[in-house]
Amino acid sequence: MSAFIVLGAQWGDEGKGKMTDYLAENADVVVRFQGGNNAGHTVVVGEKEYKLHLIPSGILYNDKLNVIGNGVVLDPKALFEEINYLESLGVEITPDRLIISDRAHVIMPYHRVLDGIKERARGNKDIGTTGKGIGPSYTDKMERSGIRVCDLIHKEVFEENLKETLEVKNKIITEVFGGEALDYNEIYNEYLGYAEKLRPFVKDISVIVNKKIKDGKEVLFEGAQGTLLDIDYGTYPYVTSSSTIAGGVCIGAGVGPTAITNAVGIAKAYTTRVGKGPFPTELLDSTGDWVREKGHEFGVTTGRARRCGWLDLVILKTSARISGLTSFAVTKIDTLAGLDTLKVCTGYRLNGEIIDYVPASLEDLAKCEPIYEEFEGWDDSIANARCYEDLPENAIKYLKKIEDFTETKVSIVSVGPKRDQTMMISEI
């Protein structure tokens with residue numbers, strides 16, 4: 001393969017960072033194609049733990065080109081904080097190792113302010129935003145009033161755009177929401193400083209990435225969030241503001257669909273989600289608490305406790321269909337060791353009918369009753385398993401059920417957070 005995608009097959013937090021890090025060993029280029037610093041990836045290398053939000057996971061290798069695509073919304077302050085954090089851990093970051101699309105949109109201070117104000121105004125109908133300005137930045141992109149990286153690094157263009165945009169945003173902040181106006185000079189001077197620091201990293205990434213593919217280089221596209229958080233196919237409105245599925249790669253990195261050869265869906269061996277929204281297999285009992293504690297299910301970006309539930313194969317089948325997944329990588333199967341009985345959802349009962357897809361209507365999904373198939377658990381810790389044959393028989397049966405139901409093979413299994421706790425079962 002020369003170009004493949006790694007994306008979340010559930011509600012995010014599936015272990016994409018670890019899987020990208022694992023697969024990046026054989027890649028030449030790693031590309032982030034959507035989202036912003038609302039994403040959180042944890043990668044463990046040896047005894048060191050790295051927490052990434054914006055920068056692609058390939059940065060932990062010395063010989064990879066890392067790309068932030070045009071589909072990403074870029075917070076310069078967050079970017080340079082992350083660069084400083086990584087450099088403090090000994091990771092070198094230079095324009096030879098990291099490039100940023102000139103077409104990426106920039107998150108501005110008013111985006112963060114509006115994100116918080118609007119969320120508070122929703123009251124008990126809040127959607128669980130991270131408050132980092134992601135949604136408002138994508139809104140400006142679609143309204144054609146956003147500021148792109150290429151605008152930011154051209155002083156005159158930035159000055160004019162900021163004046164026009166800030167005038168409108170301040171009216172909304174003060175007159176609609178009763179907030180305090182933002183100071184033009186303060187923002188202008190702060191972002192001019194970012195512009196100079198960004199300039200060496202800024203490129204037309206579509207040209208570079210397509211040339212790498214044409215030259216036969218291995219290109220890995222790294223997704224953020226997950227399929228059920230996609231702006232179109234997720235549990236709307238409890239979704240993110242970008243396209244998290246395979247189709248998002250084409251618009252978020254400037255490559256054609258025929259360039260993509262494989263798509264790997266990352267899925268936990270159980271299901272989690274953060275924030276509000278329907279969750280058919282949610283466990284609201286001691287088993288859910290046990291899984292949360294054993295799996296350390298707390299958000300990298302927000303610190304929020306994740307809701308936990310049984311594995312939902314309807315969701316995985318939907319993800320495989322929407323993104324044309326060629327295989328799954330299953331993570332955290334080690335977390336389930338110790339449970340006597342495991343359940344997997346193989347369908348929903350909705351208004352007396354059995355369905356095997358995720359309905360678009362939030363109201364319908366909330367009514368869905370999960371139909372379960374039970375499996376015997378396993379007592380053995382499998383953290384030391386290094387090949388498929390090391391896994392308990394019941395764990396293998398569990399993985400086989402995923403393959404049979406979704407009609408998609410499981411190519412990778414993870415039994416812990418470290419690189420060497422990963423086994424490749426088949427080619428992806």
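Glycine residues also receive a Cβ, built from the backbone N, Cα and C atoms like all the rest.
Feature annotations, reproduced from Swiss-Prot:
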ACT_SITE  ASP13  active site, proton acceptor
ACT_SITE  HIS41  active site, proton donor
BINDING   12-18, 40-42, ARG306, 332-334, 414-416  GTP binding site
BINDING   ASP13, GLY40  Mg(2+) binding site
BINDING   ASP13, GLU14, GLY15, LYS16, ASN38, ALA39, GLY40, HIS41, THR130, ARG144, GLN225, THR240, ARG304  IMP binding site
BINDING   VAL300, THR301, THR302, GLY303, ARG304, ALA305, ARG306  substrate binding site
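Taking every pair among ASP13, GLU14, GLY15, LYS16, ASN38, ALA39, GLY40, HIS41, THR130, ARG144, GLN225, THR240, ARG304, the residues recorded as binding IMP, the greatest CA to CA distance is 34 Å.
Of all the recorded positions listed here (ASP13, THR130, GLN225, THR302), ASP13 has the Cα closest to the Cα of THR42 (GTP binding site). When the alpha carbons of ASN38 (IMP binding site) and THR302 (substrate binding site) are compared, the span between them is 9 angstrom. Comparing Cα positions, GLY303 (substrate binding site) lies closest to THR130 out of the recorded positions GLY15, HIS41, THR130, GLN225. For the binding-site residues GLY12, GLY15, GLY40, GLY303, the ranking by surrounding Cβ atoms (within 10 Å, all protein chains) places GLY12 first. Here the candidates are the recorded positions ASP13, HIS41, THR130, ARG306, and by Cα distance the one nearest ILE333 (GTP binding site) turns out to be ASP13. Taking Cβ-Cβ distances under 8 Å and a sequence gap of 6 or more within the same chain, the neighbours of the residue listed as 'active site, proton acceptor' are GLY40, GLY226, LYS268, THR272, VAL274, GLU297, GLY299, VAL300, ARG306. Least crowded of the recorded positions (HIS41, ARG304, ARG306), judged by neighbouring Cβ atoms within 10 Å of its own Cβ: ARG304. Considering only the binding-site residues LYS18, ALA305, VAL415, the residue whose Cα is spatially closest to the Cα of the residue listed as 'active site, proton donor' is LYS18. The binding-site residues examined here are ALA305, ILE333, VAL415; by Cβ neighbour count within 10 Å, the least packed of them is ALA305. Inclusion criterion for the binding-site residues THR130, GLN225, THR302, ARG304, ALA305: a C-alpha placed within 10 angstroms of the C-alpha of LYS18 (GTP binding site); this criterion is met by none of them. Sequence-distant contacts of THR302 (substrate binding site), defined by Cβ-Cβ distance under 8 angstroms and a gap of at least six in the same chain, are GLY40, THR130, VAL274.
Rounded to a whole value, the Cα-Cα separation of ARG304 (IMP binding site) and VAL415 (GTP binding site) is 23 Å. Ranking the binding-site residues GLY12, GLY15, GLN225, VAL415 by Cα distance from ALA305 (substrate binding site) puts GLY12 first.
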